[in-house]
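S.K.: If you look up Swiss-Prot, you'll see Cys42-Cys352 marked as disulfide bond. Residues or ranges marked as Ca(2+) 1 binding site in Swiss-Prot (evidence: similarity to another entry): Asp53, Asn167, Asn223, Asp268, Asn269. What Swiss-Prot lists as Ca(2+) 2 binding site is Asp54, Ile116, Asp168, and the listing cites similarity to another entry. Annotated active site, proton acceptor per Swiss-Prot: His114, in sequence order, evidence recorded as similarity to another entry. Feature annotation from Swiss-Prot assigns N-linked glycosylation site to Asn254, Asn269, Asn323; the stated evidence is sequence analysis.
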Amino acid sequence: MGRLLGVGLLGDRWRSWGERLLALRNRLKASREVESVDLPNCHLIKGIEAGADDIDILPNGLAFFSVGLKCPGLHSFSPDKPGGILMMDLKKENPRALELRISRGFNLASFNPHGISTFIDSDDTVYLFVVNHPEFKNTVEIFKFEEEENSLLHLKTIKHELLPSVNDIIAVGPAHFYATNDHYFSDPFLKYLETYLNLHWANVVYYSPDEVKVVAEGFDAANGINISPDKKYIYVADILAHEIHVLEKHPNMNLTQLKVLKLDTLVDNLSIDPSSGDILVGCHPNGQKLFIYDPNNPPSSEVLRIQNILCEKPTVTTVYANNGSVLQGSSVASVYDRKLLIGTLYHRALYCEL
C-alpha cells in the first residue's frame, strides 16, 4: 500500500511538473511565428554587433544606446567584450553611433549595461542612469553627460537590498528613479525556480536618497518602465504576462494600478513618442527562440505602437516585424522626428527613416 501511495504521489508530481512546463511554454509563446511587416529606408547600424538592449533619446536628438548586455544562460555574440554606451546624433543627415568615453575610476572591464534613462535638470545638466550587472550583480550607475567631450562622468553607484534583480529604470530626478525588478531573487537558480513556479514576485521600486520603497508588486516579470509625457502615469511591461500596466503616480511617489493592457507578445522595453505620447514597444514574438538560440531558426522581432492607452480600447499597430533574417530579438524601439531606432537583446540595431 505504501509503495502504491508513493507511486501515486510521484505521478501527481510529474503531472504538476508537466502542467507547469506547458504553462511556461505558453508564457513564452513558444509556438508563435510572426508575419513580416517591413519598413522602407532602413539599415543596420554599424558598430552594434552584440545587442542594444535599451535606447533613450534626448529632446535635442541625441540617442543613447546600452550595448553588450550579458545574462546567465543567454546567447551573446561577444561574450568576452565588456558593454558600453553609444551615442547617435539623429539631427545629422547620416548619423553614426559613437562610443562615449567614461571617466577614470569606473570599472570598464565589468561594465554590463541593461536599462537606461536620462534626466535633464533645471540647469540643463543631463544625467544618464544605467542599470549595470558587473559580474552579474545589480547596481544603478549615475553619470553626468558631457556633450562637448562626448563623455560620461561617473557620479555614483547605487546598491540596495530592494534592488536584487534590476531590469529597467526611469529617472524622475537627479538621484531619483523608479526601477523594475524582473525577479524577487538575485541567485540564477532561484530566479529560474521563480519563473518556473510562476510566483509573480517581481516588483517596482522607488529610489531617492531619502527613501527606498516597493511601490507596485505582483508582476510575473516586470521589465520595461517609462513615464507619460504629463508625468502622471508610470507604464510597466510585464514580459511573461504579455501585459502593459498603467499606474497612477501620487505626490508621495506611490503607485496605484489604473488599468492593464493585454497583448499577444512578450513586451520588453517601452519608449514614448514625444510628438504624440504614443508608446512604442520592443517585443519578442517567441520567447523560447530568444532563450534557446538556434542560428538556423533565430528569434524574431516585433515593434508595436500603442495609441491612447488610457482609453477603453487603445489602438495597437504593428510598426515592424521580422522573422530574424534581418533583426533578432527586438527589445526596444524609439522614435525622434520620423527616425526610428530598433535595438535588440544581443543582436544588431536598425535605423529607419519613416
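Note that Cβ sites are derived from N, Cα and C of the backbone, with glycine treated the same way.
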S.K.: For Asn323 (N-linked glycosylation site), name the DSSP secondary structure in the helix/strand/coil scheme.
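M.R.: The three-state answer is coil.
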S.K.: Using the CB centroid of Asp53, Asn167, Asn223, Asp268, Asn269 as the Ca(2+) 1 site centre, which other residues of the same chain sit with their CB within 8 A?
M.R.: Asp54, His114, Gly115, Asp168, Gly224, Ala237, Ile239, Gly282, Ser331, Val332
S.K.: Non-local Cβ contacts of Asp168 (Ca(2+) 2 binding site) (under 8 Å, 6 or more apart, same chain)?
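M.R.: Non-local contacts for Asp168 (Ca(2+) 2 binding site): Asp54, His114, Gly115, Ser117, Val131, Ala179, Thr180, Asn223, Gly224, Ile225, Asn269.
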S.K.: Just to verify a number: CA distance, Asp53 (Ca(2+) 1 binding site) to Ile116 (Ca(2+) 2 binding site), in angstrom, no decimals.
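M.R.: Cα-Cα, rounded: 9 Å.
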S.K.: Within 8 Å of the Cβ centroid of the Ca(2+) 2 site residues Asp54, Ile116, Asp168, which other residues of the same chain have their Cβ?
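M.R.: Checked against the 8 Å cutoff, the neighbours are Asp53, Ile55, Asp56, Ser66, Pro113, His114, Gly115, Ser117, Val130, Val131, Ile169, Gly224, Asn269, Val332.
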S.K.: Report the same-chain neighbours of Asn323 (N-linked glycosylation site): residues 6+ apart in sequence with Cβ closer than 8 Å to its Cβ, ordered by sequence.
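M.R.: Expected: Glu33, Val34, Ser36, Ser300.
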S.K.: Taking Cα atoms as reference points, which of the binding-site residues Ile116, Asn167, Asp268 is nearest to Cys42 (disulfide bond)?
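M.R.: The answer is Asp268.
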S.K.: Spatially speaking, which of the recorded positions Ile116, Asn254, Cys352 is closest to Asn167 (Ca(2+) 1 binding site)? Use C-alpha to C-alpha, please.
M.R.: Ile116
